[in-house]
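S.K.: Swiss-Prot feature annotations, pasted as is:
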type: ACT_SITE; residues: Ser752; note: active site, charge relay system
type: ACT_SITE; residues: Asp829; note: active site, charge relay system
type: ACT_SITE; residues: His862; note: active site, charge relay system
type: COMPBIAS; residues: 22-37; note: compositional bias 'Low complexity'
type: CARBOHYD; residues: Asn149; note: N-linked glycosylation site
type: CARBOHYD; residues: Asn194; note: N-linked glycosylation site
type: CARBOHYD; residues: Asn347; note: N-linked glycosylation site
type: CARBOHYD; residues: Asn409; note: N-linked glycosylation site
type: CARBOHYD; residues: Asn513; note: N-linked glycosylation site
type: CARBOHYD; residues: Asn638; note: N-linked glycosylation site
type: CARBOHYD; residues: Asn643; note: N-linked glycosylation site
type: CARBOHYD; residues: Asn811; note: N-linked glycosylation site
type: REGION; residues: 1-37; note: region 'Disordered'
type: REGION; residues: 51-84; note: region 'Disordered'
type: TOPO_DOM; residues: 1-91; note: topological domain 'Cytoplasmic'
type: TOPO_DOM; residues: 113-899; note: topological domain 'Vacuolar'
Amino acid sequence: MARKDKDNGPEFVPLTNRSHRSSASFSSTDSLSSDGSLFGDDDVNALHSQKITRTQLPEENPYRDDDVELERGDNIFSRPTENSKRNRGSRLIWVVGLLCLGGWILAFVLFWGRRNSELSSSIAAVHGADSATGSTSYGKPLTLDGVLNGSWGRRRHSISWVAGPNGQDGLLLERDEDEKKAYLRVESIHSRQNQTDAREGWVLMESGAFAVNGKSLQPSATWPSPDFKSVLVAANAVSNWRHSFTATYWLFDVDTQTAQPLDPDEPKGRIQLASWSPQSDAVVFTRDNNLYLRKLDSDKVSQLTKDGGKDVFNGVPDWVYEEEVFGTDSTTWWSKDGKYVAFLRTNESMVPEFPIEYYMSRPSGKKPPAGLDKYPDVRKIKYPKAGSPNPVVTLQFYDIENAEVFSVNVSGGFADDDRLITEVVWASSGKVLVKEFNRESDVIRTVLIDVPSRTGELVRVDNFAQDDGGWAEVTQSTTFIPADPANGRPDDGYIDIIVHDGYDHWGYFTPVNNSVPVLLTSGPWEVVDTEPAVDLANNIVYFVASKESPTQRHVYSVKLDGSDLQPLTDVTKAGYYDASFSIGGGYVLLSYDGPRVPWQKVINTPSNQNPFEEIIEQNEQLSKMIEKYALPAEIYQNITIDNVTLQVVERRPPHFNPVKKYPVLFWLYGGPGSQSVDRRFSVDFQSYVASTLGYIVVTVDGRGTGHIGRAARTIVRGNLGYWEARDQIETAKAWAKKPYVDKDHIAIWGWSYGGFMTLKTLEQDAGQTFQYGMAVSPVTDWRFYDSIYTERYMHTPEHNPTGYEHSAISNMTALQQNVRFLVMHGTADDNVHFQNTLSLIDKLDMAGVENYDVHVYPDSDHSIYFHNAHKMVYDRLSSWLVTAFTDGWQQGNSVLPVT
């Protein structure tokens, strides 16, 4: 499904919800912009470059503060006097009366002004509306156009730290789109402050355009060789799935500033993936699902595999492995010594195809035969639904010296149809760590393969099916730690996430075949599953965790022996931080994402005795905008349901009046391991609803979500939707009792998993608490979703048929008890298939249910962008909600035809 960890207010996220995944794939309101001066991977997705215009909404807010306005009707101020010769006594009485009335009015206004001021101050003090949103009550209302077009997006830079050829730390790769210095260069972080000499800088590409045989090319992405002598350049990139793309590839020589095709025999060939050897002497790449090798000392290209094609992938993932396992376009891994290449061979010949039909466009690029242009373009995707055959994956190795492909069998492994390979990490001396999951993702086998000797052994087994009945999370955060006897590390080892006392923590396994870790972290809090940074010289590990609160993220350090846990960020204040460390761990790009206006700076780490600090970004434009707009207050609090403490955020309109009654909109995602309630700065659709429409918006992260411990997270296994819906309903009941809430106007909405949860909540509640709902791209039956994701949380349909029946949206009578609900879906959704919505409509038809609306977006995928569709989604959500909260649907249902 599409995920999002919420990044600047995304409305939907992939079902593959892991915090280390890029959130920028398809974010409905994520409008991050990145300055080209500091960059990482090039973005080949141009979704957010689209300009979105605002739909006109009613000028007046139906819930403005009418109750504090003076009446202006038939009174003394407007009534004409009947006798112009009134005596002075009468006038004096009127004057005194007016003065008293005026004094009373003034006192009333001052009282409420002071009360509201005290309320705002209390919110700021208690809940940290140190959140920038909540600090302004006066100004212009937000516009939907401004929210959608990126005006409120924070500027955020990514630094691509690189290792110097001679081990220098603090080197970064920079791209300058304006080419004021050079298009692509490597320089020391100190050179930005003129603190270094020229030898610590390399100009890699002087210009962003380069010519080959008289044809000018523009880079889509660039990867310098480790020795900085060449640059691998992708041009003419065309997106495939969420992360993958194809392009023409070129080898750019730094000395001569000239380029040649990666494969001289096929310069126009579309390549899926290419990567440098650690020694900079070769490139391995995949084309047409076969693996090739180009050594730089020759123009010859060697074909390593020959079985690749429609059903077999070598070195790149198929759809489900890209979406649900690796979150990237690569399943190719060079050994550290450059002698071997490990790659995944994926055979999906037994995986059924699912057709995606395009009615308005032709993504295939193929012109139909004459007379057939009225038929849709059809793309068939190998998509394993729950219970269907999975692709069969095997780990293969290529021996560079002997030009041989082989595999290593480790006894006791899972059968072909019961095996997922989720992580491959090279160690030293030709050894590699491999994680294998069973199909239902509740048993992990970690094996250590000695590639030169072609042997392997089982080093760890994590059996969650027996331990707590939960699932194993897919991560790519295992970090190899090389031996250094002189520095207290006699053996190789690795850092990995482990479960300790019901929470995710870091463990250090040394030697690599040791199954008992050194515990690096512990306690009733959890670490973020992004790869930790390691300062090998000082045996220090840096990581991000939610130690202070589930809604916060801070950066910490700990020694490899598990001692001296220290915060790197200010934990005395609510904060949400991210960090990117230099290769040697001496510098860090610290990114503060909220609750105040985001900023970024590069600093030295505590082990680096050379003080350094440079502010990279302050988002001054956001600070200026905040002063001009009336933003909602965000009140963070907890709610306890069934003895489980859950995180809640309530967004109140800027001119909130506690004596009024406000409609309430619940927004949720709610997928396993996800998180929507956090302290990031965000001005999104929810902000617009509170600021401009004047409604309260509430989000609760229910059971099943992230950073609340495994007991509360894994309780949802086998019956997705039940506990999550219960938490939404119980929270809504609590809000319905609040004196400022209009309990007859409570709605819920979500996208993707949030769409499923919207329908499941409406079904389970049956109109008792919620009256309205809006579901976008929802799953309606988990048998329709992909196997790897679904079976992780639901087991297989064969093992859990009852759970699948219960989790499906099936009680149409219950849905009929709601006043009205809305369902929207893109017809070309390759993630959550349109089949889900069609199945729901069929059930509604058979039950004779009519209290719903449907909007379909032709040729739109899960993000719903095609042909202005994204704007239309939010226009429809907004106008539909206004109609609901002004009783438009109830009035419409009561209209009878004239006879």
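Including glycine, each Cβ sits where the backbone N, Cα and C put it.
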S.K.: Can you tell which of the glycosylation sites (Asn149, Asn347, Asn409) has the fewest other C-beta atoms within 10 angstroms of its C-beta?
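M.R.: Counting other Cβ atoms within 10 Å of each of the glycosylation sites Asn149, Asn347, Asn409, the minimum falls on Asn409.
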S.K.: Across the topological domain 'Vacuolar' (113-899), what does the pLDDT come to on average, as a whole number?
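M.R.: Looking only at the topological domain 'Vacuolar' (113-899), pLDDT averages out to 93.
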S.K.: If you count, for each of the recorded positions Asn513, Asn638, Asn643, Ser752, the other Cβ atoms lying within 10 Å of its Cβ, which residue has the minimum?
M.R.: Asn643
S.K.: How big is the gap, in Å, between the Cα of Asp829 (active site, charge relay system) and that of Asn149 (N-linked glycosylation site), rounded to a whole number?
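M.R.: Cα-Cα, rounded: 23 Å.
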S.K.: Could you state the whole-number distance in Å separating the C-alpha atoms of Ser752 (active site, charge relay system) and Asn513 (N-linked glycosylation site)?
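M.R.: That separation, Cα to Cα, works out to 41 Å.
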S.K.: Roughly how many angstrom lie between the C-alpha atoms of His862 (active site, charge relay system) and Asn638 (N-linked glycosylation site)?
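M.R.: Cα to Cα, His862 (active site, charge relay system) and Asn638 (N-linked glycosylation site) are separated by 32 Å.
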S.K.: Cα of Asn811 (N-linked glycosylation site) to Cα of Asn409 (N-linked glycosylation site): how many Å, rounded?
M.R.: 49
S.K.: Which of the three DSSP states, helix, strand or coil, fits Asn811 (N-linked glycosylation site)?
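M.R.: The residue in question, Asn811 (N-linked glycosylation site), is coil (DSSP, three-state).
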S.K.: For Asn347 (N-linked glycosylation site) and Asn643 (N-linked glycosylation site), what Cα-Cα distance in Å is obtained after rounding to a whole number?
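M.R.: With the alpha carbons as reference points, the distance is 46 Å.
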S.K.: Between Asn643 (N-linked glycosylation site) and Asn513 (N-linked glycosylation site), what C-alpha distance do you get in Å?
M.R.: 40
S.K.: On a C-alpha basis, identify the one among Asn149, Asn409, Asn638 that is nearest to Asn513 (N-linked glycosylation site); the candidates are the glycosylation sites.
M.R.: Asn409
S.K.: Return only the integer: C-alpha distance in Å from Asn149 (N-linked glycosylation site) to Asn638 (N-linked glycosylation site).
M.R.: 33
S.K.: Calculate the distance in Å between the alpha carbons (Cα) of Asn409 (N-linked glycosylation site) and Asn638 (N-linked glycosylation site), and round it to a whole number.
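M.R.: So the alpha carbons of Asn409 (N-linked glycosylation site) and Asn638 (N-linked glycosylation site) sit roughly 50 Å from each other.
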S.K.: When you tally the Cβ atoms that lie within 10 Å of each candidate's Cβ, which of the recorded positions (Asn811, Asp829) has the highest tally?
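M.R.: When each Cβ's neighbours within 10 Å are tallied, Asp829 tops the list.
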S.K.: Near the Cβ of His862 (active site, charge relay system), how many other Cβ atoms are there if near means within 10 Å?
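M.R.: So the Cβ neighbour count for His862 (active site, charge relay system) comes to 24.
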S.K.: Which of the three DSSP-derived classes (helix, strand, coil) applies to Ser752 (active site, charge relay system)?
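M.R.: The three-state answer is coil.
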